[in-house]
Amino acid sequence: MKRELEAKVTAGERLSREDGIALYESDDLVWLGRLAHQVRTEKNGDRVMFNVNRHLNLTNVCSASCAYCSFQRKPGEKDAYTMRIHEAVAKAKEMEGEQLTELHIVNGLHPTLPWKYYPKVLRELKGALPGVNLKAFTATEIQWFEKISGLPADEILDELMDAGLESLTGGGAEIFDWEVRQHIVDHATHWEDWSRIHRLAHTKGLRTPSTMLYGHIEEPRHRVDHVLRLRELQDETGGFSVFIPLRYQHDFVDSADGKIRNRLQARTKMASPAESLKTFAVSRLLFDNVPHVKCFWVMHGLSVAQLSLNFGVDDLDGSVVEYKITHDADSYGTPNTMHREDLLNLIWDAGFQPVERNTKYEIVREYDKPTPQAQRRAEPQQVWA
Ligand code: SF4
């Protein structure tokens, strides 16, 4: 079976559902990494892309209660917040240093904020930070805007793009298979609407990211199914720029009010680093028509992020100074600040060439190739925890 799979990968043949399941059944992590690295190197050489971005969450008030979510708050809860437009702009201006190229904006499904708030906030942000790409809203939020405005997604996207939207975000995907999805997702956007909205965005010329939340109650066959649905849509539109496997997080931190909101916690474990590396590798091998696979280091820690570069990953997100959604669910040592210099050193230390990109995957700057290990001075290397 291994020889058959190797032959298929080497010949550039598309892998099937059964192949994907067989890859997940293998415990030979080194072999999986080597296969994925072969494909990653054919597509992207020894380059690792990154961008200098900041995350902005306009509100954590949400009408839904997804089982895995530690971020959402109900109206009136102690640490519920919603930014006024001028507050959002002031916050974004604070984040602007270091030649920021992207703002990544995702939010709760606020029950009473009017639809017009969202294009208005984008327009004001674009006016205040004209050189910064706005990557904003999940497909779930777009469907929520349909509900609160009575407008179709077509008109919503037009208005948001007119206000400065340059990409949707990839969230809301989780695991598409209903067998799993019905137990973890509380919002109304499932595969039919998620794919409808991304397809529509692609027809309007937006390129969007795609994601998968793994490591909770799903099985490998659900991950395979998830990637194959995305691969099929990518065949049709070619609009996905990247695939991002997101590691499900336990809610380690009791937030200010001491509540643990993650309702999956009692019956789940988080994916181990080995499982994450396997997921990156199998995703790279199966999702043959997506140009990039990204590791969101905030969810994995920095050493796994470095290792992931040998398991199919060629894109690191990001240069994040503050990231609320994961950090509400994380107190196990992932730093919440990484700057451009940190990212560069992390990539060089792993033996790759850093390439800075913008939201559209246009190259902003290519940096030096890494110094080969043999030429490095015999001094202690930085340990990336
Ligand atoms: S995942 Fe999104 S939609 Fe679901 S509860 Fe959290 S903020 Fe709301």
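Cβ atoms here come from the backbone N, Cα and C positions, even for glycine.
Just so it is clear, the model here is predicted, and its values are computed rather than measured.
Some features that TrEMBL has for this protein:
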DOMAIN    48-275  domain 'Radical SAM core'
BINDING   Cys62, Cys66, Cys69  [4Fe-4S] cluster binding site
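For Cys69 ([4Fe-4S] cluster binding site), the number of other Cβ atoms no farther than 10 Å from its own Cβ, over all displayed protein chains, is 23.
Those residues of the chain, other than Cys62, Cys66, Cys69, with a C-beta within 8 angstroms of the mean position of the [4Fe-4S] cluster site C-beta atoms are Ala64, Ser65, Tyr68, Phe71, Gln72, Gly108, Asp186, His187.
Mean pLDDT for the domain 'Radical SAM core' (48-275) in this predicted model: 94.
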